[in-house]
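Peer 1: I'd like to ask some things about the structure below.
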Amino acid sequence: MEVDKGKEEVEETRKVAEADGDTVTLKSSDGKLFEVSKEAAARLSTVLAGMIAGGSTDDNGTDLKQIGSEALENVVDYCNKHANSIPSAARISSSISFNTAPFKEPEEWERKFVDRLSHDALFDLVEAANFLGMDRLLDITCHKISEMMKGKSPDQIRDVFNIKNDYTKEELEEIRQELAWAFYYD
């Protein structure tokens, strides 16, 4: 049920972008086009803010070859939902060289937004947020990944993320002996 409610809210945010009228068209790596409010894009993404300010956007779709359509759709949905609630990314990035703001727990909508994503979609969205300079989106997606790892053993983490263990039992034992201090728990 929560997923459906999240989808309804995403549809509402798309209507906001359409009603705004002043949009930028973004083209995913697989050629799909997405429209997002220029204001929303500029407020939340340092990369898109720079492209818009520099006139580097294209009416036929600004190519974002590094981002697939599912991730770009999620980026657009996030921009539309949060356009008016977050300070301009361009203004923030021009005043400081890196994000020094303390982490703020995800809002309810943000939690629902990332909870509905598959593992692959979540990782693709992390990459897209990083590429586009979307600090808040990067924070909440990475926070979700950290929650997925919390309290799990290395083997459980490998299972969750489908990571192959390249070490032999002998190599693992050698590492445990060399780094015994790291494996000590009270």
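Yeah, the Cβs are placed from backbone N, Cα and C, and that goes for glycine too.
In case it's useful when we look at the structure, here is the feature table from TrEMBL:
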| type | residues | note |
| --- | --- | --- |
| REGION | 1-22 | region 'Disordered' |
| COMPBIAS | 1-18 | compositional bias 'Basic and acidic residues' |
| DOMAIN | 23-84 | domain 'SKP1 component POZ' |
| DOMAIN | 136-182 | domain 'SKP1 component dimerisation' |
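Surface or core, plus neighbours and distances: that's what I need for these features.
Peer 2: Note: the domain 'SKP1 component POZ' (23-84) comprises 29 helix, 12 strand, 21 coil (DSSP; helix = H, G, I, strand = E, B).
Summarised as a single figure, the pLDDT of the domain 'SKP1 component dimerisation' (136-182) averages 91.
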